[in-house]
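**Student:** Sharing a structure here in structure tokens format.
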Amino acid sequence: MASMSDRIPTFLALCLLFCCVHGQMNQNYYQKSCPNLQTIVQSVVSQAIGTEARMGASLLRLFFHDCFVQGCDASILLDDTPTFTGEKTAFPNVNSVRGYEVIDAIKSQVEASCPATVSCADIVALAARDSVNLLGGPTWNVVLGRKDARTASLSQAN
Ligand code: HEM
């Protein structure tokens, strides 16, 4: 019969496997923790496009400009502070990237429904997908589980 110490490696391997599977990105990442996420995103994007159709294009571009610098991590949303410079003032973004307020509105509703659960990076990705589809384009599945950046790069954005 295996002793307790013989079983430890198996136990650790199972823990590692659980962590990997648990932390993996997938389409149903928030299925239990935020079941209304996709409904909220689609409804806010739909309202925004109803007010101004161009906002759909702007949200797609916002996603591209986020992803272009160190991946799709919502770094483009970070405001400058006295000790931090973000990407909003980079040449391709300043007075040009639009839709921050739509992402803020989605984030507020998502936080009210499921606090501190959904990353802004995932919200931006879903908003871009819904924008394209609501304007008559195709749709696609969005794999979820992105982590938000704590840093940004003005130089790489430029
Ligand atoms: C490096 C490649 C690209 C360059 C140099 C570029 C450049 C530009 C420029 C100069 C504008 C006009 C911005 C303004 O009027 O302020 C624009 C708008 C736009 N771009 Fe790009 N673009 C690129 C790639 C892309 C990609 C890959 C997408 C889609 C994923 C995209 C989607 C859009 C959209 C939807 C708009 C209109 C946004 C709006 O009306 O608010 N672009 N782009």
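Every residue gets a Cβ built from N, Cα and C, even glycine.
Got these off TrEMBL a minute ago, pasting:
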type     : residues                                 : note
ACT_SITE : HIS65                                    : active site, proton acceptor
BINDING  : ASP66, VAL69, GLY71, ASP73, SER75, GLU87 : Ca(2+) binding site
DISULFID : CYS34-CYS114                             : disulfide bond
DISULFID : CYS67-CYS72                              : disulfide bond
DOMAIN   : 24-158                                   : domain 'Plant heme peroxidase family profile'
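What does the local environment look like for each feature on the list?
**Tutor:** Neighbour list (HIS65 (active site, proton acceptor), Cβ cut-off 8 Å, at least 6 residues apart, same chain): ILE76, GLU87, PRO92, ASN93, VAL97, ALA157.
In this chain, none of the residues that are 6 or more apart from GLY71 (Ca(2+) binding site) has a CB less than 8 Å from its CB. Mapped onto three states, the DSSP output places GLY71 (Ca(2+) binding site) in coil.
DSSP assigns CYS114 (disulfide bond) to coil in the three-state reduction, placing it in neither a helix nor a strand. Within the same chain, residues at least six positions away from CYS114 (disulfide bond) with a Cβ under 8 Å of its Cβ are TYR30, SER33, CYS34, ASN36, LEU37.
The Cβ neighbour count for CYS67 (disulfide bond), using a 10 Å radius and every protein chain shown, is 19.
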**Student:** Quick check on the domain 'Plant heme peroxidase family profile' (24-158): DSSP residue counts for helix, strand, coil, in that order please.
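**Tutor:** Computed counts for the domain 'Plant heme peroxidase family profile' (24-158) are 65 helix, 4 strand, 66 coil.
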**Student:** Give me the Cα-Cα distance between ASP66 (Ca(2+) binding site) and CYS72 (disulfide bond), rounded to a whole Å.
**Tutor:** 6
**Student:** Rounded to the nearest Å, what's the C-alpha distance separating SER75 (Ca(2+) binding site) and CYS67 (disulfide bond)? Just drop the number here, would you?
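**Tutor:** It is 9 Å, counting Cα to Cα.
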**Student:** Enumerate the residues of the same chain, ASP66, VAL69, GLY71, ASP73, SER75, GLU87 excluded, that satisfy the criterion Cβ within 8 A of the mean position of the Cβ atoms of the recorded Ca(2+) site; list them in sequence order.
**Tutor:** CYS67, PHE68, GLN70, CYS72, ALA74, ILE76, ALA149, ALA152, SER153, ALA157
**Student:** Using a 10 Å radius around its CB, how many other CB atoms surround ASP73 (Ca(2+) binding site)?
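**Tutor:** ASP73 (Ca(2+) binding site) is surrounded by 22 other Cβ atoms within 10 Å.
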